[in-house]
């Protein structure tokens, strides 16, 4: 009986410590998220010489990036599986 009470108390203390640690990490999360969003926006401004996944393309022209192929049915770049 005593051992189970100590075990339950230790579990509650552990739960409190883990909750406190995760809460302190969550305070930094919005700042990190915003910095990643703005970093992605800067990257979008650069133009590529090829078209990526689901970009529209013209079949027969080699417009898609490596490992992608222009689908003649849908007319967008898809992953080329080699079939």
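For all residues, glycine too, the Cβ spot is worked out from N, Cα and C.
The annotation signal peptide is assigned in Swiss-Prot to 1-21 on the grounds of sequence analysis.
In sequence order, 63, 64, 65, 66, 68 make up the list of same-chain residues 6 or more apart from residue 50 (disulfide bond) whose Cβ falls under 8 Å from its Cβ. Taken from Swiss-Prot, the feature disulfide bond covers 50-65 (among others).
Under the heading disulfide bond, Swiss-Prot lists 57-70 (among others). Reduced to three states, the DSSP call for residue 70 (disulfide bond) is strand.
Summarising the annotation, Swiss-Prot assigns disulfide bond to 64-77 (among others). Over all protein chains present, the Cβ of residue 64 (disulfide bond) has 21 other Cβ atoms lying within 10 Å.
The number of other CB atoms found within 10 A of the CB of residue 81 (leucine amide), across every protein chain shown, is 7. The leucine amide annotation in Swiss-Prot covers 81.
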**OP:** With an 8 Å cut-off on Cβ-Cβ distance and a minimum sequence separation of at least 6, pull the same-chain contacts of residue 70 (disulfide bond), or say none.
**Re:** 57, 58, 59, 60, 61, 63, 64, 76, 77, 78
